[in-house]
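First the structure, in the form of structure tokens, and then the observations on it.
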Amino acid sequence: MSDPGENVEAAVRPGVAPGGLHTAETPVPAPATGKPRGQFADVWAELRRKPMFWISAFLILVFLVMAAFPSLFTSIDPDQGSLRDNLQGPSKDAWFGRDIQGRDIYARTIYGAQASIVVSVIATLGTVLIGGFIGVVSGYIGGWVDGLLSRIADVFFGLPFLLGALLILFTFNPPGSAPSKLKVEALVAVSLMVLSWPVSMRIMRSAVLSVKEADYIVAARALGASPFRIVLRHVIPNCLASMLVYSTILIGSFIGAEATLSYLGVGLKSPAMSWGIMINEAQQFLRDVPGWLFFPAAFLVTAVLAFVMLGESIREALDPKLR
Amino acid sequence: MIRLSNLSVSEPGYTAGAGASRPLLEVENLFVEFHTREGVAKVINGVTYDVRAGETLAVLGESGSGKSVTAQTIMGILDMPPGRVAGGSIRFHGRDMLAMSAEERRKIRGEGIAMVFQDALSALNPTFTVGFQIAEQYRIRRGLSRGEAKRRAIEILDQVKIPNAKQRVTEYPHQFSGGMRQRVMIAMSLALDPEVLIADEPTTALDVTVQAQIMDLLAELQRDRQMGMILITHDLGVVADVADRIAVMYAGRIVEQANVHELYANPGHPYTIGLINSIPRIDEKGQELRTIKGLPPNLMRIPSGCPFHPRCPRAEQVCTQQLPPLLQVGPTRASACHFAEEMVSRG
């Protein structure tokens, strides 16, 4: 090999044998298999067979429609009430009864869906996307990038949730001010994101760390996959399950957190409606009109359950071994 | 150590497989170290080998002899740090890969040099169908459409003799048996028609009957495609039928390199003799298995002189002091033993 007189021609590459890849005559078996089914199609085919998926999807659809078009579910104005009728039990006119101001509890529960659903879904999406992205970057790149991002996450993680949320909301939404409902919803969602992303970042980071060493990542590198493709095809799909489970639980806890902040007077304020506000208002009248607390709470629990069930069925469908 | 680079095992005129063309892949005087907290482990200490189109080189050695690390260094999948290439070159078509940019090297992987891994279950992504994983290579690297890529994936699964490939292409890795999974792994590495295939203990995770099938398949594919193949193994029995040449590694060095027949008939290094003797034989049934005494050396404290001398039955004074260079002892063979000439001529 060190002989200077050696012929430096490129190594002869004998053609691929007949029947090999390059023969045009190879019979085409394609038509019978039809159009190739993508990965999402596989997951969808699996989801379609799960009753749990259909039930939760139906419930979530109902809640989403309720949030977007509450007037489809009731023709009663949720803000109108007669003090004469206050604290009535359920009746033909007011199915769930009436609150302290004589307003219809059913209508208020329907209209309350919007704030709860919008805030929790947006905050969850943001938390999972931000935390997940930072987690992937931190886990995959490692080194000083990981060190820096993890320390920043630690700082945010160290903030007590309520104190942090109070601080943010008290600054931007002080009691006595009357910003628009949309602005408050956005503020609440942002403060939930800011204070919660470190948890999803840590979940993603540890999932990435365990997947990063897997043989199939090394094999993908050995076959010449680009770093971007390795992250997209091999790292993220194998880390999704734990994030998904966490995010469905997060939706539930965010609905609760939104209610808590409303109760403390820094979130949405009456006359705005949310399940959280209603539950808090109703506490003192639990014995007079149990429905005032019970119905919004039942909606809240059902919504949380629907999201958890949806997450669970998607997680199962994503894992080929459970099929 | 310097003399290693003068090694001329593959002089022009030495023929193997598809004639005397220039080797496709040449590893020359490669040194690799691992920097750990305890110190520097010298894992590869001047390895030189090459492989030509249509030729199979078997790299043989115990665990820790550096055979896999050499392969990982060739593929560029060695973790650095802690690994570090301390010297030498790896040339593909005459171009030094260690001097290439990361992007250039990446393009060689898969299309120029591909690798089959030991454990196919963990080397396949569990979340995608095997068809998708193979087809993706065609889509990304060759720009084929989804339908065309899938058709090619079925073709290549057919070539590795997976029955009913058309149906199985939509299945996931865990739905395949061990042997079938290794076939998928082979199909995956052959998808882009590489010129050199590195098979790192491809049959270790399989049971014996399947091992033979996979080795036959690899040999057949190698012959049909005229690939150069580097077969890494610790099992002498596996290589006899498949390999053209064998390189025996010990403590990060090649201690003997020879044609298969020469090596089996007349080993030129005490370590090779030990390996051949330790193959269990049917006519010695009931007797204690013969082993090589002692353990492979700690790579942080490689013994002075010949690293094999503490375990070598014929070690003499000179072995503890002088490192025997890998020298030509026949037209097609080389050995790194002070007594190589003597051993070879006696046989």
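Just so it is clear, glycine is given a Cβ too, placed from its N, Cα and C backbone atoms.
Caution: TrEMBL annotation is automatic and unverified by curators.
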Checklist line | Feature transmembrane segment in TrEMBL, mapped to one of the ranges A:198-220, A:244-266 | finding: A:244-266
Notebook entry, point to check: According to TrEMBL, which listed range is region 'Disordered': A:1-35, A:71-105?
Noted result: A:1-35
Check: Near the transmembrane segment (A:244-266), which residues from the same chain, at least 6 beyond its ends, have a CB less than 8 A from one of its CBs?
Finding: 115-117, 119-121, 123-124, 127-128, 161-162, 165-166, 169-170, 173, 175, 188, 191-192, 196, 199-200, 203, 274-277, 279-280, 300, 303-304, 307-308, 310-312, 314-315, 318
Note to self: Should anything in the same chain at least six residues away from the transmembrane segment (A:292-311) have a Cβ under 8 Å from its Cβ atoms, list it; otherwise answer none.
What the structure shows: 52-53, 55-57, 59-60, 63, 96-97, 99, 105-106, 108-109, 112-113, 116-117, 244-245, 247-249, 251-252, 255-256, 259, 275, 278-279, 281-283, 285-286
Check: Excluding the flanking five residues on each side, which residues at least 6 beyond the ends of the transmembrane segment (A:117-142) place their CB within less than 8 Å of a CB in that stretch?
Finding: 63-64, 66-67, 149-150, 153, 185-186, 188-190, 192-193, 196-209, 212, 231, 235-236, 239, 243, 246-247, 250-252, 254-255, 258, 274, 303
